[in-house]
Structure formats: structure tokens, C-alpha cells
Protein chains: 2
Amino acid sequence: MTSARRIVLASRPAGQPGSDNFRTEAFELPEAGEGDVTVKALYLSLDPYMRGRMSDAKSYAAPVPVGGVMEGEAISEVVKSRHNDFSPGDIVRGRTGWSSHAVINGDQLRRVETHGAPITTSLGALGMPGFTAWAGLKFIGQPKAGETVAVAAASGPVGSMVGQLAKLAGARAVGIAGGKEKCAFVKNELGFDAVVDHRSENFESDLKAACPDGIDVYFENVGGRVWDGVLPLLNQFARVPVCGLVAHYNGAGAGDRDRLPATMSTILRQSILVRGFIQIEFAKDHFDEFLAEIGPRVAAGDIHYREDIVEGLEKAPEAFIAMLSGGNFGKLLVKIAE
Amino acid sequence: MTSARRIVLASRPAGQPGSDNFRTEAFELPEAGEGDVTVKALYLSLDPYMRGRMSDAKSYAAPVPVGGVMEGEAISEVVKSRHNDFSPGDIVRGRTGWSSHAVINGDQLRRVETHGAPITTSLGALGMPGFTAWAGLKFIGQPKAGETVAVAAASGPVGSMVGQLAKLAGARAVGIAGGKEKCAFVKNELGFDAVVDHRSENFESDLKAACPDGIDVYFENVGGRVWDGVLPLLNQFARVPVCGLVAHYNGAGAGDRDRLPATMSTILRQSILVRGFIQIEFAKDHFDEFLAEIGPRVAAGDIHYREDIVEGLEKAPEAFIAMLSGGNFGKLLVKIAE
């Protein structure tokens, strides 16, 4: 038996999670059954949606039970395999959780394919975040040449891809990010046409100045106050893919007045499309198409990304907590083993 | 010269309009130029969107100027024609305003065609309200057999058509209306599967009971508090065509808390589509298709409608004011002449 470590949900948070909501524990890895694969985790992906899994509010996915291992996707190396598709040494991706090792049915694993880019991209630019950006634009946002695409958390793994894909479509990309360092990255390294700091006191007028022709696509992945700046700029027939509301996850994001009537009136007046989505809706039919289209561009360095790699599984809770308040910079990964 | 009467916007209302916002005046009808048609109005349509035209807030259409004739669509008889398509005695439909007579370019008129139904239906079931229902369902709501379609103002000209078209698509139609009389009409005459009174203290639980399988399409034409009952019932992949927010037109419809975060979270969690629209987006390409499909059904009595006809142009302001607070029952028309 292999001795392994995992991080479980110790208790449900009220508002912002704290380190006491998590507990690291040792566990004995079970024997693999027929069709199972035993893996050693290399990199764990930390993502905002995990905050939702910590609560038992109604959601599109079941919550993590108290005492259960925190859910998450990781890149792993196959140690033992009782599944025909995998052999020891294979690098795979799967929802093995916040855990150093796992035994999982091989049907739930996917071989990592990055077209030559580093394997960590399969959790970021070429993984769920990158696919979220690609699918949200392809199936909902549909930016056209000359249009303006705005996205918040623009230095993050979804937002950075949204802007770069918008540019590839011939649209103008306007990023929204927090702080000078992130804004400089969005403008200079990712090549967005403009960037606005949401921490600025003049955020709303700054955004307006950055979008002289209004906004045709607003890729919503934060919610909260950014929306108040975006709403008056939305053009007729604007599209708003909604893939995340990180500002709401801790119960924040509410205003001191009812902001719904203004939102609905604008949706009506401007014939706006708002569409929530979870990437899994499109993944089965379109992930391979995404990988074939975007993989070579990432491998060639035409599409840029940034990673924020924390060392050691036990660091996952504090890194996750910091991410929820914008305290990281780039796709957040936890390196668990070499 | 013909002596004519018209109703103009005397002043802009703050909140609920009053009779002092309108003024009836006599005017001399101008001579018709080349291509013009002189018409005598028979029936004027009164519709909620007109409240928007009384304000100078940003809108999809320019406001009526103070002192200008109130905008609106009417059925008229051609008195004189200097346009090749029309002759005296023709019955036509056009945006001739709240006016007993008008001179208008013939290109802006449309010959009334109702497949044998009364001409007044060209302002209701076979006019803009009916087309709004048809287009909102066909291009946005897309109800499938077995799904549940809910609509508010279900006894009104748009809502009554939404439910009947939903039934034709094999869906379950749930109406929301105000008061016993309207509810009975929706259930018994229009044939909806269920109806809920929004004036009930138990509105939210009544609606839930009427939608045991949730709501797949909510046709939004009122806004306000009804939304709070609808939101928790929306199913995954629900569609919400937004064609009107009459509850907001007088500045009402706001809650005592910020209702936007719950709405956006539900849109995300349930992968919901919300799409504002104005029927003119679809009218040019699809009005004839609508008329060919629905006209014979209305003429044959397979699709039911109700009209609320007020006599005399001078009654238009008070009838319009009452309509905004739900005080009419059926498609509101003003009979101006025989």
C-alpha cells in the first residue's frame, strides 16, 4: 500500500474561506480494481469554481461533503494500470482531487496532449480555462472583426485567453484587471488593445474611454461591480457569455440598491443576449477541435499565458484563499511532485 | 382642408402618467404630396411601449417631443391617394399616431390582411403583439413538446398568444394574470394548462405548484416581482425572451435589496439564455411567414383573443393610463371612426 496525503473539506465556510475549512490527512491508497489506474499527482489546478463546491447551496454540481476530499483536476503520472489505454509513466489528466495519489477508473482519465507545449498548459491555456474562453466566444460571444470584446480578470487563465482569441478574430480586446502589474502584463505581454484597472476610482469612466465604440461582447467571469461599468456601454445586440461570478462566491458583489431593473431594461432596450454556461456543455463535442486549433499556437508561443506555481500540496488551501480575492497572478497550480 | 384632431404629449411624466401629460388639439391636415396617402383613422392601438416614448431616457427609439403627436399604430381607411399601391376605400395599417387623420407616405403603410378575421386583429393577434409572441418563441424561446412555458400578463395580447402558440408546440402553458376574471379567461377561454394570480399572497408557491417540472421558457413581458417567483423555477438551459418590462415603465419594479446577484448566479448555474428583443428585429424577414401561419388559425377561431375597445380618440389617454396599471382586459384599441 502507498501512503498518500490529501486535503479534505473540514467545514463549510461562511463567506470567505479560511484555512480552518481545510484539513490535510494521510490515507492508505486502496488497491486498484479491474479498469482502474493508480496515479501520482504532479500538478493540481486551483480554480474559482471550487468555492462553489464548498457550499451546499443549489448548484450545477453536487457539493463536496464535509470530510470529503476537495475536488479538482490534476496532471498525474501513471504508477500502475489495470486499464488497457494506460501504462506506467503515462502523463494523464483527470479529476483526482486535492490529493498526492489516486486510484481512478481509466475511463475518467485523458492522456495529456499539448502539441509540444509544457504539460502544465493542459490545466490552463490548453485545459479547462482555455477551453472555457474558446467555447464561450465560439458558441455565445461570436466576436466579429472590428467589434469590441471586454473581459475582466484579464490576466487570469480564462480572461487572458478571451482577449487573445478576440484579437485572432479581428476584434478589439479590452481587459479589466486589478493593479498596475497585472494591467501591464495584459497590455504588454498579452497584447490587448487596452486595459483598465478596476481598482481605479475612475473605473467606470476609464472603461468608457477604453471602449469608444461601446462593447459588443462582455465575457463575464467576475460579476460584482465591474458589471456596473460594463452595462451602460453594451451595444445593440451585444452578447454576454457568463462563465463565472467569482466576486459573488463569497457572498459579496451585491450593491446597496436593486441593480436588476437597470440590467433587465438594458437587456431589453439593446436586444442583448446573456447566456450562462459551464464548459462541460461543449467539451464532449468540441474539446478536440479546440486542442487542434489552439494547441499549436500555444506551443509556438503565439498565444501567451502565465502560470503561478505553488510548491507542495499543503500550500493549496492558502493559495486558493488568496486567489479568491485576486491575490495571485496567472493560472494557479500546485506542484505536488516532480 | 380637412379638420382633424390629434393628441399630443403636453409634458413628460414623472412616474405614472396623468391626463395632464396629454393634450387634445385640432389641426389642419396638410395637402398630400407625391407618393402620399391621406387616411382617416378607424382604430388606434394602445400599447405599453408607448410609455417609453413619453420619456427622454435612452431607448431603442427616439422619444416623442413635448408638443408632438403621440406615436402609435392605427388601422385607417384611405381617403385620397397619390401612391400607386393604394386607392380610396383601402384599409391600411401604419404608424399614423394618436390622430383622427393623417397624411403619410404610402411606403410606410401596409394593406390590412387578416385571412378573413376582423380587421382589428391586425393590431392584436395578427399584428405587432401577436408577432412579438410568435417571433420571441420561434427565435428565442423555442419551446419543445413536453416543456413548460410560463408567461405573465397572460390575458393580454402578447401573453395570450404566447400560451396558445406554446400549446401548439406541444408544451405546457402556464399563465400569470391579475385577478379572478382574467385568470378564468386564461384557463377557460385561452386553454392554458394552468394559471396563477400574481395578486395572491402565495404567488410564489402557487407558481411553483403550477410548474411541477420547473420552467423551460419564461416569456418576460412584465418584469417586477413576478421574476422573483420565476427565477428559482428556471430549469437548466431555460430560455427567457425579454420583450417588455411594463412594471418598470413607471419607475416601479425595484426590490428593497439587490436582486442582480441572485439572477446572475441562476443564469450561470442553470446555463440560462436571456435575450432582449424588439419585434422589428424580425419583422422585415418574417412577418409574412407569421401571417400565413397564424392568420388562418385566428380566422378559423382556433386561436382566441380578446379586445378591449374604447370609443373616441379623446378617451385614449385615460385608457392608456389604466392599461399601464393592469386596468384593462384584452388588446386595448380606441375606435376613432366607423
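Quick reminder: no glycine exception, Cβ is built from N, Cα and C everywhere.
All annotation found in TrEMBL is predicted automatically rather than curated by experts.
With a cut-off of 8 Å between Cβ atoms, the residues of this chain six or more beyond the region 'Disordered' (B:1-21) that come close are 27-29, 31, 38, 51, 54-56, 64-70, 79, 97-101, 250-251, 313-314, 316-318, 320-321, 324-325. What TrEMBL records for B:1-21 is region 'Disordered'.
Per TrEMBL, the feature domain 'Enoyl reductase (ER)' maps to B:18-334.
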Query: Tally of helix, strand and coil residues over the region 'Disordered' (B:1-21) according to DSSP?
result: 3 helix, 7 strand, 11 coil
- prompt: What mean pLDDT does the predicted model reach across the domain 'Enoyl reductase (ER)' (B:18-334)?
  reply: 94
